[in-house]
Amino acid sequence: MIKLILSIILIICFIINSIESFKMITLTTGPPSDLGWNNMINLGRIGVTKAMDIEDSRLFVVSGRNDTYELLLPIIQNDDIDLVICSSLDHGDACKEIAAMYVNSTEIKTQFLVRGSGATTKNLIQFTYNYASVNYLSGMFAGLQTKTNKIGFISPGITAGASDCFVYAFWLGAKSVNPNIKFYYYNIGSYLDKDKTKGAAENLIDVYDCDVIGDTLDDFTASNVAISRGRYAIGTNGFPQRDVYGENVVYTYAYNWTKYFVPIASAVKNKIPPSKWYADFNKDNNLSLYDLSFGFQVSAETKFKIINQTKSFASYVRTLHPYFCNEYMEGYTQKYNLTRQPNTTNCITTTGFIGIDAPVGDMNYLGNYTIKFSKVEFQRSIQIGFSIVSGLLIGFVILMMIGIVKYQDTPSIRSASPSFLNLTLLGGVIIFIGIIVWVAPISTHQCNARFWLVTIGFSTLIGSLVVKNIRIWLIFDNPELKIRTITNNQLYPWVGLCLVINIVLMSIITTVGDLKAIEAQGIDSLGKFEYMTICKMNYTGAATLYSILAYFGTLLLVGVFVSWKIRIVHIEEFSECTAIAKTLYSISFCLFVIVPLMISPQDKQSETIILCVTGIFITTGALLIFFLPKFWRIFGNEKQGSHEHFTQRKQSAVASARAESANRNNSSNSFGFSKSSAQIGNTISGIESLNDDSNESSLSNETK
């Protein structure tokens, strides 16, 4: 007996396992969270899954023929799917193509449910629903509810494969109950484009004063805009919006796809041949596709008119509905060559109705809504701020240049070479001008000018400081204190070389580097429809720019090294090396701080601010460190026109030590000569004339 029971159980299990489970796929164009078409399709999927106890019910979000085809074909070939619900017109072409591939297949048993009223095949089911009737009703509600008598509408349009026949049905419904309405509508080219929908809805409200807006889109974006602007929101995308938004939505219709998906899926499971399915209002509410809902503030009269019209639609054939037969159709069908129903002059056929695309009657078509890209400008206040600061600093530097000329005969200025001092200040002026240009409105010329000015300015400033320091090093850094006459004319070519290197590298950036202004999107925190004008260069230009930075780095390293070498000079007027060293150290330190900031992610405005602040700080700091001590000595210590180091024969401790060492070494050289401390003092006191070419010969005679 036990063996018999076990055998029966095994047979039952075998039979159960041998029964193939029903597998279903549902395709939507958007996520179920859209509170619209896709959500209702998904609810229909869930309803049929529960009703038929389907274990394998999949949902895929996909749109477009190519993407749908690539997604669906491998699944059909490998997963033994029973039913594919292609919910959108977007899926139709791909689903029909795959169905045609396997129409006579003995292995692929998949049935495809597609939207349309075309012919069915062995594996192709057609379903359609009367979308015009519910749009006519929604239009009636809008016409009864509007206070401004201005109604707006948004539709995908012909570019999305949808004619505006349903827009016309909405308008006609509003016109039937309120002849005084003005009707405005946009196409947006898609069933689901939140940005365009939002922009079009805002335009209808702000520009055309529409207080009711309808749509034939997949989501609730248009009504969300209406709610945010304090207008009536109506749900015209098939989702029961009042369940979510409550009394902010005064009217909705909702699809109930479960009523149709269950019998269709059951027919597929029971291997009933495919057929056409049609959904609309029905005398039997259990077979009606649409469920209507009204807000509390909607009058009983309005509700009565709407509900009464639904009963009217269910009582006679669709081809006699008012959106098929009316006073506008005779002239419209003639004008646009659309077919009329036989033996009538004012009734359009279903095919002709689908072909309605141009405005009917006094409909106002506003065209395809396009989003205008907005340009994000650099903050004007920041531009003005940097320009004012740089302008004031230019004025300050010019005053220093005038002071250099006025006090050029004082020891502090004469010993430092007035022409080189002004050349250094000129570099600062060029940098400040470059910063003003840097924050100016961007263009290709501005992109090039700002790099040229800033780099030339830094080459002039840093080059002059480094070359001056090298001269001091060559003069003082010799144990025997031999006279070395190095004139300004001998130094200018070296500063010129610094500029030539800069000019050559910048020329490469300007020409080969393709430095230009471009309009960029998707950078920084720009919105989807915002753009910014930025400067852009190619790989060669970027590599050359790094070469310029390396060149400046090398120049700074040379300057720092020379400053360290001449740290022994303690004569105040000639110890420019101290000021120059401090300047170069400060610049180097700033660069070590700034470079990591620039490498880290920065938006363009922050990057510009960092660069400009750095440029102003480095340049101003360098000039103040270098020039303030000179003017301080002029006004504080040189009342007699000379400093004590110039009036007293006194040398530095290091110089004295070197002189004594030189005396000891030279005393054993019969062909040499020795220098007394007084002679060394004479040498140092005469150095001030090195910057005055006319005094060089007298200086040499004095020190020989």
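Using the three backbone atoms N, Cα and C, a Cβ is placed for every residue, glycine included.
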Of the residues ASN104, ASN422, the one that Swiss-Prot lists under N-linked glycosylation site: ASN104
Residue pair ASN308 (N-linked glycosylation site), ASN343 (N-linked glycosylation site) - Cα distance, angstrom, rounded: 29
DSSP-assigned states of the topological domain 'Extracellular' (514-541) in counts, ordered helix, strand, coil: 3 helix, 12 strand, 13 coil
Which of 420-440, 493-513, 609-629 contacts the transmembrane segment (384-404) most, counting Cβ pairs under 8 Å: 420-440
Chain residues in Cβ proximity to the transmembrane segment (493-513) (below 8 Å; excluding those fewer than six residues from its ends, i.e. six or more beyond): 423, 448, 451-452, 455-456, 459-460, 462-464, 466-467, 470, 537-538, 540-542, 544-545, 547-548, 551, 555
Cβ neighbours of ASN286 (N-linked glycosylation site) where a neighbour is any other Cβ within 10 Å: 7
Protein Cβ atoms within 10 Å of ASN66 (N-linked glycosylation site), excluding its own: 11
Cβ-Cβ under 8 Å with the topological domain 'Extracellular' (514-541): same-chain residues at least 6 beyond its ends: 195, 371-376, 441-444, 446-448, 450-451, 508, 603-605
Most crowded position, judged by CB atoms within 10 A, among ASN256, ASN308 as glycosylation sites: ASN256
Model confidence over the topological domain 'Extracellular' (22-383) (mean pLDDT, whole number): 93
